[in-house]
Amino acid sequence: MAVHRALAAYAISLYVLLPRKSGATDKGAIKFETWEPLCLLTQDFGNLYNRAHKLNLDIDTYVTAAQADQLRLQILLSRASSKIEAAAAAAATAAIAADLAGKAKHVASCKLAATTLTATTGYLHGRIAEFLEVMTAHRGTTNKYGCLSKSRSDNSNSITDSVANLKDKCKLTVQQISPDNKATEQITKAGFTKLTATGGLTSSDLGGSGQAVCMILSTTASEVVNNGNLDEPVPYAGGYLRRKHDLTSDGNDNLATITDSASAPATRAKTDPYLQIWRAFKNLEDCESTFTSGYSRPSPETLKAADETKTAIKNYVVQKEGKYDQATDKEDDYKNLDKIFKDGKDFYPQKLWDAMDKKDLLKDATQTNEIKKLADITDRSELNKVLLYYTRQKEQTLTKELKEAQEKATQANQNDAAAKAAEDSCNKLVGGEKCNADKKCSYETETDGTKKCKFNATKAEKSGAPVTQAQTVGETEATPEKCKGKDAKTCGTTQGCKWEGETCKDSSILVTKKFALTVVSAAFVALLF
C-alpha cells in the first residue's frame, strides 16, 4: 500500500514539474481572436474618413446651392415684369434665407463633428497600428515564434505575416480618402460591435503550445524592466488591451455597448480614445441626416405658410412698406395665396425655376460673348455681377421715370396756380358784358340760378390766351388732387395718374415708391452677402 502511495506521489510531482503545452501562460502569443477585432476596426476606419470628408462637402454644397438660388431670385426680382412675379421672387428668397438661418448653427457644429471624427480616428488608428506592427515585428528569425498568433488556435504561436503584410491586411495606414457614405460595420451608435473584452489583456488572451517567447508579455519583473513590477498598466491599442503586470483583469468598459453614463470617470478614461470616436460618430450620423439629402428649393406649401410671403405681397403687390402684420393688414389682400403658389408650370414657384432656365441673360450682364441661362451660372461671384448689372439698369430706369414724373408734377402745380389766378381774375369781373369780353372768361349760371363770371379753359385755348396754354397742359397733367377720387376708367385716361389697387394715384408718387423698393432690394442683397 505504501508503495502505491509513493508511486502516486511521484507521478503527481512529475505532472507538476514537467512543462505543459496547453492552457494560458505569460510570454505566450496574443490569441488571434483577441487582436483580430482591432484589425477589423482599422479596416473600417477608412469609411469614417470618407464619411467625414463627404459630410464637409455636403455642407458646402448645400450652402453654395442655396446662396446661388438666392442670387438668381434676386436677379429675377430686379427683372420682374409684374408685381406678382416680384412678390414670388422676394418670397422665395426669404424662404431660402430662413432655411439657411436655421441651418447656420448646424453648419458650424457639423463641420466640427467631421473634423473631430477625423482627428480622433486618426489618433486611435495610429495607436492600434503601432501596437499590431510592434507585436508582429517581435518574432524570431528562425522559427518565427513571437507575440501574435497567426490563426484561431490557443496553440498557434507561429507568425508568418510580416509587418508589411499585416499593414495591408488591416489597413494600418490611411488609404486614399474619397467622399463616400458607406456604412461602417465595426462601429455603430451602440458601440464597437466586436470589442467585447472588458478586462484588458489577461493571461487567458495568450496562446500556449509551449513557445513562451514573447518577453514583453512576461510577468517576471526582471524580464520586463529589471526593476520590480510594472508601475502602471501598459495601454496597448489605445487602452483596449491594457496590460497589468500580472496579466489580471483591469476592468475596462464594454465598448460593444456604450452608454454615456455607463461607467465611473476613472474606468472610462482607460478607453477614452474609443469613446471620443464613438461620440464624434454619433454626431456625424445626426449631421448626415441634416445635410446628405442636399438642398431643395422651397415648395408652394412652404411659401403659402410663411409670413415672409405675405410681407412680399404687402411690399410688391399692395405697395406698402414694412412687415406683414396680421393685426393691421387687410386679410383680403392675402386670401388668394393658394391661387398663386401651387404645383404646376403656370404657378409659382415653378415659374421662377423655369425663368432661370431661359437663355435670356444679356451679354453685358454676364460680361461674356454669349447669352446664358441663369440656371447655368453657379459661381456666386459671377451671379453677383449679373445681379449688380440688372439692379443698376433698373435703378437708372426708375431714376429717369422719377425725374420725369417730378418735372410733370412741378409743371402741374404751376399750371394749377395759373388756373387759380385766372379763376380769381374772372370772378372779379361784374356783369355779363365785361365777363364775356375777356378772352378767358364766361358768364355762367350757377346751380342756384345766380350768374357768375368764371374761367373757361376751352375759350381761353381758342382765343390763344397765355394762361390757357398753361391750363391746357395742366388739364392733362396730374396732381395728387386731380387723381384723387377718380374711378378706374377716368384715372386711366388722365395723364400722370395710375390706377393702383382700388385707388387712383399720382404716378410720380408711385415711381418714387418703386424706386425706394428697388433701393431697399439692393440693400437687402448687400446684407445677405
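Glycine too: its Cβ is placed from the backbone N, Cα and C atoms.
Which of Cys39, Cys110, Cys214 pairs with Cys147 is settled by Swiss-Prot: its disulfide partner is Cys214. Record source Swiss-Prot places Cys39 in a disulfide bond whose other cysteine, from Cys170, Cys287, is Cys170. Around Cys39 (disulfide bond), the same-chain residues six or more apart in sequence whose CB sits under 8 Å from its CB are Leu132, Leu166, Lys169, Cys170, listed in sequence order. Counting every protein chain shown, 23 other Cβ atoms lie within 10 Å of the Cβ of Asn456 (N-linked glycosylation site).
Asn456 (N-linked glycosylation site) and Cys147 (disulfide bond) are 120 Å apart (CA-CA, integer value). Spacing of Cys214 (disulfide bond) relative to Asn456 (N-linked glycosylation site) is 124 Å (Cα to Cα, whole number).
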